[in-house]
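These notes concern the structure reproduced below.
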């Protein structure tokens, strides 16, 4: 095993304050690397297979419980997504798509989000891994990893930005059955718009996104977008400019996230680790090193709160695999050697064959003054929150079913390591979140701090959605103190009370290709 125990920083000590070991599980389906968006498309699921190969050859699979995700079922996906959208994803194929032109347009499926062979199975696989990870965290695991997950742009009724099903929202809904509060943190270069929108009106979920802002897909994520109604100030947006480096990034990440953890006190954290914020990404324009990116994982791990680690963007696939392998090591408390072990994809990592790559000398357009202003404004917003909001006591909905796997039929690469407990930090863990629940309704997109909402705007409903009665909404799904929380699928759906002007629908691929062609 090509690893050495790490002890640096405030997140790599191998035992907690109580001396207890920590458990890590990892979800992987060997078929995920076979899905193909199409020729020339930058999203390549093959990167997940490359990451898995590195994990195997660094010896990290022996340190985790390795699980094959159970595919998410229609009803699992419909806890957030509209049933007609899920039905469309299930039925559309490359051969039949020409007969469904209106539906393709309606659900925004086309260039960025093409129809390809096995599309629905792909969605079921990556969603199943994220929901399965949430279930594991709800039942005692400390860290769950699903690098195939993290596709954060998908909306309730449409695909967006290479994303079809919002596995992150589904995982958070699962966590809310046991945890009073859940924190979502997004370090992808693109704004985590789909997740923010889903939870914009609730104080049960705080969303924090660090992203490129300004003439960049998806065009959302202004620092003034802070949430609405009960969710006001529970959405934090950190808008950044080209070329941000490790030092500048951490000068924002650590003070902001430290204050968020102090005030919000989440029972669980979901960390989206999009690797398109790395230096040299095919579609990105940041200048983070792999160690700088992983420092976010290291820092969130230091709080000893259950963490779900997800993938996301990342289009220079050799660096994506490097990054997620290294961050798996950070999650396990191991510092990996820089010399790359021989593996099936060794030629991808030449000419140096190292785990780490040096950032470029690109200009950092984020000035100290700009960074100080962003930090001050967001820390000020956090002072407006009441500490640790509570919820009403209600019944917990049934958990997502995770059938027991037949060990006789297991693939050796997908085996369970039931005894592979992993030690963790010596930081005192936060108190477990109280298990309470409530039902809220209302779904809005975004609200500026400068926008005031009138009472008559709050009354609009979507009658057709309510009539269906089974459609879930992400906002305010209940948790319980001693009894389980309310089932998301039983909740009514409200029309957005406030909808700020939506940026014109843009094509992620074309927009960013044009950006990189500029002198």
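Cβ coordinates come from backbone N, Cα and C, glycine included.
Automatic prediction, not curation, is the source of TrEMBL annotations.
Quick look at what TrEMBL lists:
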ACT_SITE  153  active site, proton acceptor
BINDING   112, 161, 315  substrate binding site
BINDING   188, 190, 276  divalent metal cation binding site
COMPBIAS  401-411  compositional bias 'Acidic residues'
COMPBIAS  509-519  compositional bias 'Polar residues'
DOMAIN    41-328  domain 'Histone deacetylase'
REGION    386-519  region 'Disordered'
Closest of 153, 188, 190, 276 to residue 315 (substrate binding site), Cα positions, recorded positions only | 276
Number of Cβ atoms other than its own within 10 Å, given for residue 276 (divalent metal cation binding site) | 24
Round to a whole number and give the Cα-to-Cα distance in Å for the pair residue 112 (substrate binding site) and residue 190 (divalent metal cation binding site).
-> 14
Between residue 161 (substrate binding site) and residue 190 (divalent metal cation binding site), find the distance joining the two CA atoms and give it rounded to the nearest Å.
-> 9
The most crowded of the binding-site residues 112, 188, judged by neighbouring Cβ atoms within 10 Å of its own Cβ, is 188
Could you measure between residue 276 (divalent metal cation binding site) and the residue listed as 'active site, proton acceptor' for me? Cα positions, answer in whole angstrom.
-> 14
Within the domain 'Histone deacetylase' (41-328) only, compute the mean pLDDT.
-> 98
Let me know the largest Cα to Cα distance in Å among the substrate-binding residues 112, 161, 315, as an integer.
-> 14
In the chain carrying residue 190 (divalent metal cation binding site), residues 6 or more apart in sequence that have Cβ under 8 angstroms from it | 152, 153, 161, 211, 212, 216, 217, 218, 274, 276, 313, 508
Counting every protein chain shown, other Cβ atoms within 10 Å of the Cβ of residue 161 (substrate binding site) number 25
